[in-house]
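These features come from TrEMBL:
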- Arg223: active site, involved in ionization of N3 of dUMP, leading to its activation (ACT_SITE)
- Thr89, Arg112, His113, Arg114, Glu120, Asp212, Leu213, His214, His218: FAD binding site (BINDING)
- Gln109, Trp110, Ile111, Arg112, Glu120, Tyr121, Ser122, Ala123, Arg124, Arg196, Arg223: dUMP binding site (BINDING)
Amino acid sequence: MPLSPEQQAEIDALRAEPRPTLRAVSDGMEAHLYRAAPVLDHGFVRVVDYMGDDAAICQAARVSYGRGTKSVSNDEGLIRYLMRHWHSTPFEMCEVKLHVKLPVFVARQWIRHRTANVNEYSARYSILDREFYIPAPDTLAAQSTTNNQGRGAVLEGEEAARVLRWLRDDADRAYDHYEAMISQDGQQGLARELARMNLPANVYTQWYWKVDLHNLLHFLRLRADAHAQYEIRVYAEAICDIVRDWVPFAYRAFEDYRLGGATLSATALDCLRRMLKGEEVTQETSGMSKGEWREFRAAID
Ligand SMILES: Cc1cc2nc3c(=O)[nH]c(=O)nc-3n(C[C@H](O)[C@H](O)[C@H](O)COP(=O)(O)OP(=O)(O)OC[C@H]3O[C@@H](n4cnc5c(N)ncnc54)[C@H](O)[C@@H]3O)c2cc1C
């Protein structure tokens, strides 16, 4: 269970006390505020705070005194224009602060996104919970035969059962030893900052992660993509659901130009023009490498 009854009660108490404010609010985001969206077996993403909405993006772009809204269709058109032309700073005017609970090996990928502010749960100060990510059977897959950086067919039968057993047993044994090492029952007790090194990378950690919308969309572009590892992708997808409700115009433009769109090189664009004129272009006559050609065909077929 991602949240204990006490944690859920704290969230419910926060949501039970709405306060009037002069600040711009997004109704879609208010529905998410404080609530935890479950991810993986023990993880979650929840919005702790946010600033701005679609109108704030337009307000900054127009450098206006009021809400900046001329009309709803104008606002959406402006946001699409900004997204299309990589005019990114207006998107930086919106910010979100998330509380994320995630396995350490996912955190290692996530932390590579340097344009956020992070504060992580201290395992020097606190004792980590006995919570380990164990993949669901349908995500427990073999090494891909075509992609060195991915997985292929789902493991089956005795092999799947053995892998799951080892993952659970090893995590349990490591945690038993962690607990025994830090215990001060009849011994000095090893410092928490040292004992934690015995825990495997599927142990859960938590952090507060604050980022502006421009850099968040960059994170989502990379991590909600099919090439991202499943375990970080599901977090990105949970955040996409939040962003869609928070800034619907910006999210629609992002889906259209970034998530669903494609960038073409000058060579690829030239091939496309030749194909539109009726020429039969092949990889050999395209001027592209096999990999580029495969990606080009995947984008246009
Ligand atoms: C599918 C996938 C596979 C990956 N595989 C690997 C791998 O095998 N090994 C590995 O090490 N990493 C890997 N990465 C991580 C990747 O290389 C990036 O580090 C990560 O995606 C963060 O991207 P970013 O630097 O653009 O993001 P951010 O750190 O958020 O930066 C955003 C943008 O700010 C600018 N910026 C930020 N900091 C600097 C800086 N110090 N100098 C210059 N510009 C800066 C850049 O324009 C950057 O694009 C992988 C990522 C993905 C999505």
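A Cβ is built for glycine as well, from the same backbone N, Cα and C atoms used for every other residue.
What TrEMBL says about a protein is an automatic prediction, not a curated fact.
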Out of Ser122, Arg124, Arg223, point to the one nearest His113 (FAD binding site) in space (Cα versus Cα); all of them are recorded positions in the record.
Arg223
Filter the binding-site residues Thr89, Ile111, His113, Glu120, Arg124, Leu213 down to those with CB closer than 6 A to an atom of ligand 1; keep them in sequence order.
His113
Would you kindly give the Cα-Cα distance separating His218 (FAD binding site) and Arg124 (dUMP binding site), rounded to the nearest Å?
32
Give me the long-range Cβ neighbours of Glu120 (FAD binding site): same chain, 6+ apart, Cβ under 8 Å, in sequence order.
Ala107, Thr205, Gln206, Trp207
Here are some binding-site residues: Thr89, Gln109, Ser122. Which one has the most Cβ atoms within 10 Å of its Cβ?
Gln109
Tell me, if you would, which residue among Ile111, Leu213 (binding-site residues) has the fewest other CB atoms within 10 Å in the structure shown?
Ile111
Using Cα coordinates, what distance in whole Å links Ser122 (dUMP binding site) and the residue listed as 'active site, involved in ionization of N3 of dUMP, leading to its activation'?
25
Could you tell me which of these recorded positions, His113, Arg124, His218, Arg223, has the greatest number of Cβ atoms within 10 Å of its own Cβ?
Arg223
Nearest of the recorded positions (Thr89, Leu213, His218, Arg223) to Gln109 (dUMP binding site) - Cα to Cα:
Arg223
Can you give me the Cα-Cα distance between His218 (FAD binding site) and Ile111 (dUMP binding site) in Å, rounded to a whole number?
14
Where the record says Gln109, Trp110, Ile111, Arg112, Glu120, Tyr121, Ser122, Ala123, Arg124, Arg196, Arg223 bind dUMP, what is the longest distance in Å from one Cα to another among those residues?
29
When the Cα-Cα distance from Arg223 (active site, involved in ionization of N3 of dUMP, leading to its activation) is computed for each of the binding-site residues Thr89, Ile111, Leu213, which gives the smallest value?
Ile111
